[in-house]
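Report on the structure given below.
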Amino acid sequence: MSAVSNSNFSSSRFTLTGFPGLEVDYPWLSIPFSSIYAVVFLGNCMVLHVIRTEPSLHQPMFYFLAMLALTDLCMGLSTMYTVLGILWGLVQDISLDSCIAQSYFIHGLSFMESSVLLAMAFDRYIAICNPLRYSSILTNGRIMKIGVTILCRSSLLIPPVIIRLRFLNYCRPHILSHSFCLHQDLIRMACSDIRFNYIYGLALVISNLLLDAVLILISYIMILYAVLAIASREERIKSLQTCVSHICAVLVFYVPIIGLTMVHRFGKHLSPMVHVLMGNIYILFPPLMNPIIYSIKTQQIRKRIQRLFYLKGI
């Protein structure tokens, strides 16, 4: 009986919410969204290519940037099928198993991006507060260990709460709030006991996103303290300029997450369009903006890209 029940749950279909009230405009909406995904893929692939092919960029700071670009690239891939599928009229619903898989990748990649941003904050802290030991602390071996730790932290802690979604009874209307699957959306439809999902999910958010944000804030307080101790005004400005790109990336990542959380928690009375808009900003804004930020604000990346296009023009 249990096997039959589980089979029924796994065959359930969940309706994806596109843009309520704008269904007739989907062909037009698909143009900017397709452009956004194109920029996400091309921009992050460009950053990865530049770092791989330019020997002068084989430094800890740019290795972490490559991790960030790879994470953003995977985030784009994880949502492109359903978001563009809805706008192109190819997808209207999604199976439970596919929804769980997508939820795993979205949340896992969010945790991974947060961890990479923390590693980048550590890199900036060492570069500014302990520059003489920078190369001896952040060796290639240590960077590889940090990368493996980030991967394990982001991928191995989530399965318990995600796998449990497979065995819940979904008796409420199978209508998702977004064009993709989120854990909090699925447990909202469940009639089973979701205390484990709620408590474990909250613990994951606290031990990953919240802890990372606090540690990043502490690192910048220490960086600011060290910078203010520098006598030369020019040196202070130069030191802070090396942090501008990372600060922008942190804001681009955490502000949409906070906004989406506020909307889900306190915005029940708001239009469904607000929920959809915040969800898409949360998914697409960081992967879209990070390569633009680093291409503009990081001199080494900008010059290498300019040289690459100059050579192609010739």
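Start at 1 and count along the chain as shown; that gives each residue its number.
Placement of Cβ uses the backbone N, Cα and C atoms for every residue, glycine included.
Residues or ranges marked as domain 'G-protein coupled receptors family 1 profile' in TrEMBL: 43-294.
Within the same chain, residues 19, 22, 57-58, 62-63, 65-66, 69-70, 72-73, 76, 80, 83-84, 87-88, 284, 287-288, 290-292, 294-295, 301, 304-305, 308 sit at least 6 positions outside the transmembrane segment (28-51) and bring their C-beta atoms closer than 8 Å to a C-beta of that stretch. The transmembrane segment feature in TrEMBL is assigned to 28-51 (among others).
Proximity of distant same-chain residues to the transmembrane segment (63-91), defined by a Cβ-Cβ separation under 8 Å and at least 6 residues beyond the stretch ends, is recorded for 16, 18, 26-27, 29-30, 33-34, 37, 40-41, 44-45, 47-48, 51-52, 102, 105-106, 109-110, 112-113, 116-117, 119-120, 123, 143, 147, 150, 179-181, 249, 280, 283-284, 286-287, 290-291, 294, 298, 301. The feature transmembrane segment is assigned by TrEMBL to 63-91 (among others).
The transmembrane segment annotation in TrEMBL covers 103-122 (among others).
As annotated by TrEMBL, transmembrane segment applies to 143-163 (among others).
Taken from TrEMBL, the feature transmembrane segment applies to 198-231 (among others).
Residues annotated as transmembrane segment in TrEMBL: 243-264 (among others). Non-local neighbours of the transmembrane segment (243-264) in the same chain are 68, 110, 113-114, 117, 120-121, 124, 128, 184, 209, 213, 216, 220, 223, 270, 274-275, 278-279, 281-282, 285-286, 289-290, 293-294, 297-298; each lies 6+ residues outside the stretch with a CB under 8 Å from one of its CB atoms.
Feature annotation from TrEMBL assigns transmembrane segment to 276-296 (among others).
Sequence-distant contacts of the transmembrane segment (143-163) (same chain, at least 6 residues past either end, Cβ-Cβ under 8 Å): 60, 63-64, 67, 100, 103-104, 107-109, 111-112, 115-116, 119, 183, 196-197, 200-201, 204, 207-208.
Sequence-distant neighbours of the transmembrane segment (198-231) (same chain, 6+ residues past either end, Cβ-Cβ under 8 Å): 110-111, 114-115, 117-118, 121-122, 124-125, 128-129, 153-154, 157-158, 160-161, 183-184, 187, 239-240, 243, 247, 250, 254, 257.
A Cβ distance under 8 Å defines the sequence-distant neighbours of the transmembrane segment (103-122), meaning residues of its chain 6+ beyond its ends; these are 61, 64-65, 67-68, 71-72, 74-75, 78-79, 146, 149-151, 153-155, 157-159, 162, 165, 180-183, 186, 204, 208-209, 212-213, 215-216, 219-220, 246, 249-250, 253, 257, 283, 286.
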